[in-house]
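Taken from TrEMBL as is:
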BINDING   GLY187, ALA188, THR189, LEU190, SER191, GLY192, LYS193, SER194  ATP binding site
DOMAIN    170-368  domain 'FtsK'
REGION    436-459  region 'Disordered'
Amino acid sequence: MTDLTTLLEVGGPVAALGGGAAYTRAHHPGVYWSTVGLPLSTARLLSSYGSVMEACGLTVAPSRLRALAVQATTRREVRPVPPRRGLIRPTSTGLRLCLRLAPGQEPADIAASAERLRHAWGVHAVYVTTVRPGVVELRLVGFDVLRKVRMPRKTTADFLKIPVALREDSTPFVRDYRTVPHGLTLGATLSGKSMYLRHLVTGLARQPVALVGIDCKRGVELAPFAARLSALATDPDQAAELLPVLIQEMEDRYDLIKSRQGIAPSTPDEEITSDIWGLPERERPVPVVLLVDEVAELFLVATKKEEERRDEMVTQLIRLAQLGRAAGIYLEVCGQRFGAELGKGATMLRAQLTGRVCHRVNDEASSKMALGDIAPEAVSAACAIAPELPGLAVAGDTSGGWSRIRTPYLSLADAAETCRASAHLVPDLPALKPFRHDVPVPPPVESKAPAVRSRPVTD
Ligand SMILES: Nc1ncnc2c1ncn2[C@@H]1O[C@H](COP(=O)(O)OP(=O)(O)OP(=O)(O)O)[C@@H](O)[C@H]1O
């Protein structure tokens, strides 16, 4: 006899059936096929809502007033009360509905029953998020959206907010530099790090942002985007020249902020709490995003002289990570591993990189480097990523939250073309000119979609 529990196991046959099970609203209004082959319709959810909630232990005893009213008006038995349900809204991947928690319930109670709800309604997954105190949103996803990633149609990039991937609950994963200034992306070879970086570069390329690259793999990953990069270093020697220029740029920006605030130039940088976003728009320097691909190459040394250079570069990176945010300088560091074995300062630099994305890794130690200080469950989730799904990753932040994400496919040719087409947006930063690669670029064409403009910031 078939073991039904095994059939419904997440990541087992269910996940395998997930691809291609998508049903769109146009095909069948309000009906979505789950991966176990049962149609989940609004009507079915409506009719089974009360009994499913009761069976999953999500009901509470009715208030005395309600019990009296029921007894007085009907002869029915007084039933326990489920959380009050809001409107059921269909999405391209399933259904959404809000629940008002019954007195005595907390979001964790609903989240703890998510697996039971998933089976009761026969859907691929149920996600619970808190909307506001007392209200949670249930997101029922009918199939494995990470098998064949399609970003939601309404997803658009905002200034310094780049939707790079899709979360498993079918919401976009947005790399937001204003909220999480520095990020670390780890993954074994062929795990999809470059694809992640490709999406970041193409997203930022259309915005008034300076992109600076350090790619010590001789530039094989970032050189195709050279037309849009303000500076590119392709070996540790060039990186050693580029980093002091960025430090100088950061210090100049601090001086600019100080001069606007009327603070004496001798005030130590660390004591200035404001940032470039407080400057008037016409005086505000453009943000700089420093992309470092294969960070271990910067740390590797063979001779004593190289060791000194390495220590200097690590210190400079740590300074950029510590002070860069206020000056509008953000770090995006990628690598296969990032542990103490890389040398002095490695763990200190890692601690400064708040945003964490961990692709498939070869051992648990590597995923611990990325996610160990975020959540132990995230480490196990990263270790379970299969090689057949490149681009799949676990993304976390230091608030302890994490989710599985996957980038959509984007060819290198398309990404390079986007960079060439937006080459005219390279900001004027004279200090970085010596590091700019000469790439013949076509004249700017009138784009229908205007580039995202920097907006005055009010927060
Ligand atoms: N989201 C994705 N969907 C489909 N294919 C992907 C995805 N991400 C990556 N790939 C494919 O997987 C392969 C490896 O991806 P990628 O080059 O990004 O890995 P990497 O981690 O940068 O590897 P390396 O460190 O060796 O450069 C490529 O052929 C790429 O096209």
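FYI, residue positions are counted from 1 along the chain as it appears here.
Here the Cβ of each residue, glycine as well, is placed from N, Cα and C on the backbone.
Whatever TrEMBL says is automated annotation, not expert-curated.
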Checklist line | Residue, out of the binding-site residues ALA188, LEU190, whose Cβ gathers the largest set of other Cβ atoms within 10 Å | finding: ALA188
Item checked: Which same-chain residues, if any, lie at least 6 apart from GLY187 (ATP binding site) yet have Cβ under 8 Å of it -> LYS193, CYS334, GLN336, CYS358, HIS359, ARG360, VAL361, ALA393
Next item on the list: Output, ordered by sequence, the same-chain residues six or more apart from GLY192 (ATP binding site) with a CB under 8 Å from its CB, or 'none'.
Entry: HIS359, ARG360, PRO390, GLY391, LEU392, ALA393, THR407
Next item on the list: Report the residues of the chain - excluding GLY187, ALA188, THR189, LEU190, SER191, GLY192, LYS193, SER194 - with C-beta within 8 Å of the mean position of the site's C-beta atoms, for the recorded ATP site, in sequence order.
Entry: GLN336, HIS359, ARG360, PRO390
Notebook entry, point to check: Sequence gap of 6 or more, C-beta under 8 Å: which same-chain residues meet both conditions with respect to SER194 (ATP binding site)?
Noted result: GLU221, ASP293, CYS334
Notebook entry, point to check: Of GLY187, ALA188, THR189, listed as binding-site residues, which ones have a Cβ less than 6 Å away from ligand 1?
Noted result: GLY187, THR189
Next item on the list: Pick out which of the binding-site residues THR189, SER191 has the most other Cβ atoms within 10 Å of its own Cβ.
Entry: SER191
Margin query: If you average per-residue pLDDT over the domain 'FtsK' (170-368), what number do you get?
Written below: 90
Note to self: I'd like the number of other C-beta atoms within 10 A of the C-beta of LYS193 (ATP binding site), please.
What the structure shows: 26
